[in-house]
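As structure tokens, the structure follows; a few thoughts come after it.
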Amino acid sequence: MGPHPAVAAIRLAVRRVLHDVLNDHPAPEASPHEPPPSPLVLVACSGGADSMALASALAFEAPRLGIRAGGVTVDHGLQPGSDLRAAEVTLRLRELGLDPVESTAVTVGREGGPEAAARDARYSALDAAAERQGAAAVLLGHTRDDQAETVLLGLARGSGIRSLSGMAAVSGGPGAARRYRRPFLQLDRQTARKACMVQSLPVWDDPHNADPAYTRSRLRHEGLPALEKALGKGVVEALARTAQLSRDDADALDAWAGQAESSVRDAAGLLECAKLYALPPAVRRRILRRAAIEAGAPAGSLFARHIEEVDRLITGWRGQGVINLPGKVVAQRQGGRLVIRQG
Ligand SMILES: Nc1ncnc2c1ncn2[C@@H]1O[C@H](COP(=O)(O)OP(=O)(O)OP(=O)(O)O)[C@@H](O)[C@H]1O
């Protein structure tokens with residue numbers, strides 16, 4: 001008898017991603033003296049159902065493909081006893097056969113709110129662990145439900161299709177463009193939970209996930225259920241599909257803007273307002289955003305409203321003065337040229 005369908009589903013999702021990792025990291029030439037080192041794949045595990053299911057599938061699939069499987073858990077230090085829980089998670093990962101397994105403690109700052117600060121600290125710690133261990137990839141347990149929540153959060157921000165594209169199946173960290181993989185992005189949370197249950201894997205339910213003080217938690221427990229009630233069960237799947245379609249569109253527009261940029265600059269490299277005016281707004285706004293970032297505006301603080309204001313120097317010119325952008329960057333129209341620079 002084969003494995004339970006939920007277990008088969010999580011293993012298949014992980015197997016596919018491990019094949020991709022192997023394609024990205026072909027084995028080096030074998031030396032006559034030593035076998036080639038096997039690549040290491042780490043699972044980022046909070047101890048929750050999604051990442052425990054992921055860890056179990058990695059532990060099962062990796063050895064079959066000649067991959068070493070390890071794990072890392074991050075102690076955010078935000079709750080009393082979080083160190084004990086991290087120790088327990090490392091123990092569970094070792095019991096699954098993962099090696100190396102490490103627990104890493106971080107200090108969570110305040111920048112951008114509690115959720116963003118915890119996420120930043122977590123990714124820095126995961127990057128450092130991947131570097132330390134020489135890992136070829138780090139697996140994350142985001143599911144289709146997480147993706148649906150991310151799309152809704154992006155929609156509510158009102159900042160365009162890039163923020164509707166949710167999380168990428170493959171994304172980068174410093175110096176490693178394809179470090180993070182999300183094998184469960186097409187899988188629902190229920191499947192991961194079920195896989196843990198039928199494999200008798202103990203899981204830890206993060207109290208933050210149910211805390212209504214957090215936006216994502218309210219969305220998970222109130223927003224999405226209300227949407228499902230109003231629009232039907234398929235809404236999560238539809239939102240996840242929106243993410244993929246939006247990502248493809250956003251990538252195409254980014255590429256278009258990249259190509260168009262050189263044609264709107266004069267011999268001195270300045271942006272010509274008349275040529276910018278002639279471009280479709282989506283392409284023009286991308287060029288403006290890139291120019292602001294190049295001048296030193298931090299991408300994370302540069303919002304749609306900032307770019308709209310710069311855009312009005314092109315499309316609604318009435319002699320406006322200097323426009324201040326984050327990172328002390330200023331934008332100004334001068335003699336038919338748009339100048340974006342440090343103020
Ligand atoms: N403390 C942590 N240590 C290591 N990895 C983490 C930690 N918290 C989250 N992650 C990784 O990020 C993914 C998404 O986490 P998030 O908290 O957003 O979702 P979740 O639905 O609660 O996931 P899980 O059920 O795995 O905790 C996790 O599946 C895991 O891979």
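Quick reminder: no glycine exception, Cβ is built from N, Cα and C everywhere.
Heads up, TrEMBL stuff is auto-annotated, nobody curated it.
Owing to the predicted nature of the structure, the values given are computational and were not obtained by experimental measurement.
SER46 (ATP binding site) carries neither a helix nor a strand DSSP state and counts as coil. For SER46 (ATP binding site), other Cβ atoms within 10 Å of its Cβ number 21. The ATP binding site annotation in TrEMBL covers SER46, GLY47, GLY48, ALA49, ASP50, SER51.
The domain 'tRNA(Ile)-lysidine/2-thiocytidine synthase N-terminal' feature in TrEMBL is assigned to 41-222. Mean per-residue pLDDT, taken over the domain 'tRNA(Ile)-lysidine/2-thiocytidine synthase N-terminal' (41-222), amounts to 94.
Annotation comment: TrEMBL describes 271-338 as domain 'tRNA(Ile)-lysidine synthase substrate-binding'.
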Given the binding-site residues GLY47, SER51, which one's Cβ is surrounded by the fewest other Cβ atoms within 10 Å? GLY47
Determine the Cβ neighbour count for GLY48 (ATP binding site): the number of other Cβ atoms within 10 Å of its Cβ. 20
Could you list, ordered by sequence, which of these binding-site residues: SER46, GLY47, ALA49, have a Cβ under 6 Å from ligand 1? SER46, ALA49
Taking the centre of the Cβ atoms of SER46, GLY47, GLY48, ALA49, ASP50, SER51 as the ATP site, the remaining residues of that chain with Cβ inside 8 Å are CYS45, MET52, ALA53, LEU54, GLY141, VAL203, TRP204, ASP206
Cβ contacts within 10 Å for ALA49 (ATP binding site), all chains included, total 23
